[in-house]
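Record features, source TrEMBL:
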type	residues	note
TRANSMEM	12-30	transmembrane segment
TRANSMEM	69-91	transmembrane segment
DOMAIN	80-116	domain 'Mechanosensitive ion channel transmembrane helices 2/3'
TRANSMEM	97-119	transmembrane segment
DOMAIN	117-181	domain 'Mechanosensitive ion channel MscS'
Amino acid sequence: MQISQVLEQWAIPINILIVLIVAVIAKTILSAATRKLVRTVIGGVNKVQRADVDAGVAEKRLAARTKTIASVLDNFATWVITITAIVMVLSELGVNVGALIAVSTVVGAAIGFGAQTLVKDLISGLFIVFEDQYGVGDRVQLDGVTGIVERVGLRVTEVRDENRVLWFIRNGEILKVGNFSQEKKSAKRKAK
């Protein structure tokens with residue numbers, strides 16, 4: 001058996017392996033860049049020294065918000081890299097990717113139409129994060145549940161109440177937010 005025959009026989013598995021290795025490397029690099037960005041922002045926040053008591057609270061909120069946004073970006077990058085790698089592997093296996101993309105577009109539209117509440121939850125989650133309505137560690141009241149925010153996700157917010165019950169509240173269902181942590185900050189400003 002000649003080398004050219006061996007290479008021809010192993011070309012598809014080698015190409016698939018290369019695609020997977022590149023995907024893992026890209027994911028690792030993007031995750032490292034995201035972590036470095038978070039450390040840089042949080043490091044800059046920690047270096048700022050102000051006499052104002054509210055500045056410390058604002059800096060902690062910025063740090064928490066930066067971590068949340070970095071998590072969202074990291075998850076988005078993971079999905080993009082994974083889908084791209086899957087399409088490339090299928091292409092290497094001889095699957096007609098053009099037809100697959102056309103079919104998946106139609107299926108995606110049907111699923112999207114049926115999953116309007118999920119999309120609503122995701123969009124609401126983005127607004128909660130970017131508008132800084134509340135963050136991890138804040139004492140809030142959401143949909144009649146009062147407690148401490150343990151996690152803010154794109155789809156669900158997790159709140160632990162005084163009885164140690166962990167509540168999962170869909171972001172699209174949150175109509176009113178009472179944030180006791182931000183209220184203290186606003187009250188101090190008004191008193192000055």
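Positions of Cβ are set from backbone N, Cα and C atoms, glycine also.
Packing against the transmembrane segment (97-119) from elsewhere in the chain are residues 87, 90-91, 155, 170, 172: each is 6 or more residues past its ends and has a CB under 8 Å from a CB in it. Mean model confidence of the domain 'Mechanosensitive ion channel MscS' (117-181) amounts to 88 (pLDDT, 0 to 100 scale).
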